[in-house]
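Encoded as structure tokens, the structure appears first; notes follow it.
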Amino acid sequence: MRNALLMIFKKKDYLVLLIIMLLSGISVSASIPLVTLFLTKELGASQSVSGLFFLTSLVTPFINLYTGPLSDRLASRRPVITTAALLLAIGWALIGVSTHVVMVFVIGVIFLQFLGTLNAQVFALIRDVMDRDQEKREATVSSTIRTGYSFGWTLGPVVGSAIAGMLGYRAAFFLTASLFLLILIPLRWVGTRKSSCEKSTHDKRPLKPWKVHNKPLLIYGGVCVLVLSGETIRLAYLSLLAVNKLELSVTQLGSIMSVAPLTELVAMPLAGMLADRWGLNKLLLGGFLIGLFSYLIFANSFESWHLYLAQILHAILIAIVFGLGVTYAQQLSPASPGLASSIFFSAQSLALFGGSVLGSLGVKWVGLPQIFYLPTMIVGFACLVFVWNDRVRSSRENETLKVDSAI
């Protein structure tokens, strides 16, 4: 892991991209946990209404599936990234002056959906830099840079809560707006543009992801939706399992929750190095299986150490999927890294909605902790689909190589 960090710090563009991901992580995590509190305490919304705010993310996939192919057609991805950062800054500033619940929801739909676009296009920019430099350790580089976002999520809630405690929720939202604007400074330092040959090729490509050669990518996006839907269930019901069922204290719950981001910080760059040695497909499948066992442990938890163990295993799943998943998607569609990144990040938004619905229905049917058998089965099915899709992709690539060699 030390070698991975040294490699990032030695190359200016990699370091700048790491800073951008760090700022993005701090920006969103400083305010997202405060939104429901702001809606209930400042604007008088009920708990059930405030929880609906996160359903505004359903708009994100539609935006991503347009901005992804669009960035592939442009000479540089900076305009798309700049626009997304500006819209996010405007959105959070407007929430800071909102006086009605409806205003917050409308702002969320119009402005905050561009977080997925921002992150997706930063990863596409990482791909451009790696292609330009002919980087051989792609997984190590991308996963280590992604660690910056995870580290931002460990700092953001602390900073946001401190600002909210001293100056109020609105001040925390203005801080987030300022941090998104701050991203524009290091973005200017990234020294990469697509080659004129690459640009001319992309200019002829229509803005449609629904092509035959993109089917493996779309199926992989569906796999990510299935795998990450369990993450939503975990976030929603782990606290209830720990406090209500196992009768743990809130302090113990905080300790259990903090295990995950710390594990991710270590596991993410390590997963990248292992993927460069063994292959992305093997690491991703291994991560899915580890996640399956984590949900199985959650479903059979009767002691606090069960939750600690499950959290560590689940953090490994998240580290592998978030650290390597977008790189694998880009390999499925090497000519359209913007599209590939957008589909991967759109899968996260769809998983948020799907996991919320499945969790709400499932907990009524089976209760806690049995609800975690649901993501166990879903991830198991996702593993089968992933293996099938990867084999189909490999066979097609081999056939293409045979045809090319024959010519």
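Cβ coordinates come from backbone N, Cα and C, glycine included.
Please treat TrEMBL annotations as automatic predictions, because they have not gone through curation.
Note that the structure is a prediction, hence the values are computed from the model and not measured.
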Discussion item. Quick check on the annotations: TrEMBL lists transmembrane segment for one of 14-32, 147-165. Which range is it?
Written reply: 147-165
Practice prompt. State the residues, same chain only, that lie 6 or more residues beyond the ends of the transmembrane segment (47-67) and have a CB under 8 A from a CB inside it; answer 'none' if no residue qualifies.
Written response: 35-36, 39-40, 80, 84, 101, 104-105, 108-109, 112-117, 120-121, 207, 209, 338-339, 342-343, 345-346, 349-350, 352-353, 356
Practice prompt. Pop the mean pLDDT for the domain 'Major facilitator superfamily (MFS) profile' (13-392) in here, whole number is fine.
Written response: 88
Fill in: Annotated stretches the transmembrane segment (283-302) and the transmembrane segment (217-237) touching (3 or more Cβ pairs under 8 Å)
yes
